[in-house]
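Right, one structure below, let's go through it.
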Amino acid sequence: KKIHSLKTMKLSSIVVTLILTVGVPYYIYTPLPAAIEDHLKLMLLDALFRAMLQGDLCQCLGLSHHITVIRGSTLGLGSPGEMAGGQGGGMRVSDVDFDRVPVRVYEPPAAGGGDGGLRRAVMFYHGGGWALGTTKMGSYDVLCRQMSDELNAVVVSVEYRLAPEVHFPVQYEDCLAAAKHFLEPGILGKLSVDPQRVAVSGDSAGGNLAAAVAQQISVDDSVRVKFSVQALIYPVLQGLDLNTPSYQQNHNMPMLHRSMMARFWLLYLGVDTSLHPLLLSPSFLHHPSIPPSVRSHLNWTTLLPAKHIKHYKPVGMEMGSQEVTGQEGDLLPGLLDVRAAPLLAEQGVLSRTPRAYILTCEYDVLRDDGLMYTRRLQDAGVAVSSHHYDDGFHGALSFAHWPFFFDVGERMIRGYMDWLQENL
C-alpha cells in the first residue's frame, strides 16, 4: 500500500507539473502585433488581470465580490502612491470633500501664474470600468503630482463611488457634484485658480465621466464658470455597438478585451450578467427600440477615417418587430442615456462643449469611440486635437512608470502634458 501510495503521489505530481508546464503558457500567451513593445511583459500583465477578473475563484474561496478583491490587489499599480497631508517638494496634498464627494487636492508650492498669481486647474476622473481604481492608486497619484508640478496647476482627483456598491448614475452624479463645487467662484478663489483656465480630464471610464460632465456643465446656465478644455484619454463613450472595427480588430487585445468591456457596462448599469451575450450581439444595435437618430450618432461607416475602417463591415441583422421585454428593458435605457454614453449627445449640446484633446490607441477596443467623438465634436464646430498612437494599447499611460516602463506610456504622458501646457 505504501509503495502504491508513493507511486500515486508521484504520478499526481507529474500530472500537475505537466498541466502547469502546458497550461500556464497557454493561458498567458496572446498573439500581439509587432508594433507593440515588450510582448512578454504585456502578456503577463494581461494574464494576471484576466485571472483576477474571473470571479469563480473568489466565490469558491468564500471571498467577497471579486471586484473588491481586485481593488485591493491593484491599489499599488504602477509607482507607489503617497499619503496625503504631506508637502513633499513644497506641494501640498490633502484629502477633503467637495459637496460630500471625497477628492484629493494637489496644490503646487506657490502661486506663479501670470494673472495676479492665479493658477491653472485640472479636475481628473480615474479609470477602471466604473468599478476599479482610486485617487490613491500609484499610477494616478504620480500622474496628478506630475500635472500639478509641471503645469503649476491645482489638480483635483475625484474619489467617486464604484460598482458594484452603486450603479449608474451615481458615479456620474458624484463627478458632477464635485465639478460644480469646484467651479464655484469662492472655491476657485480660495485655491488661487484662474476661472478661465480649468480643465476636466480622465482616462477610460474616467474619460467617459469627463465627457459627460463637460456636456452637462456646458449647458447648465446655473454654473457661471465653465471648463475651458476637456482632455479625454482613450475614453469609453458608448455601449450600444461593441462591433465597431476596433472592437472586431482588438477583441482579445490587452489590456481590455471586448468581453471584459461588456461586463464593465453591465456592472455599471446594474443589470443582470445574463445579458452579456445580448450586449455583444451584432443584432443589438438594430433593436427596434433604438431610434434611427441614435444609430446615426455612432454610424462608424461615416464617422471613421477610411484607414481605421480597413476591411471591416457592419455586422448584424434587423431584429424585426421584436419588442423590449424583461431584462432588455433594464439595459437599453442606460445605454441610451447621454450621461452614460456621451457620444450620443445632440449636436446642439456638443457645440457648447470646450475645445478637446482626445487620445486614442490603435490596439484598443475603445479606439473608435474616441475617433467618432472627435468627428462629431468637429462637425459641431469644436476644436479638437486628436492624438493617435499606432503602437498604443488600452491602459498604456498607467504603465509608464516603475515597475513597467512602457515607452509608449511615457510618450502619452509627455504628449498629454505638452497639450495642456499649451492649451490650458
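Glycine residues also receive a Cβ, built from the backbone N, Cα and C atoms like all the rest.
Annotation source TrEMBL lists transmembrane segment at 12-29. For 122-283, 337-396, the entry in TrEMBL reads domain 'Alpha/beta hydrolase fold-3'. According to TrEMBL, the active site annotation covers Ser204, Asp364, His394.
Mapped onto this structure are the features recorded in TrEMBL.
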residue : record      : Cβ within 10 Å
Ser204  : active site : 30
Asp364  : active site : 28
His394  : active site : 26
Q. Could you tell me the C-alpha distance between Ser204 (active site) and His394 (active site) in angstrom, no decimals?
A. 8
Q. Going by DSSP, how much of the domain 'Alpha/beta hydrolase fold-3' (337-396) is helix, how much is strand and how much is coil, in residues?
A. 21 helix, 19 strand, 20 coil
**Q.** Confidence summary (mean pLDDT) of the domain 'Alpha/beta hydrolase fold-3' (122-283)
**A.** 96
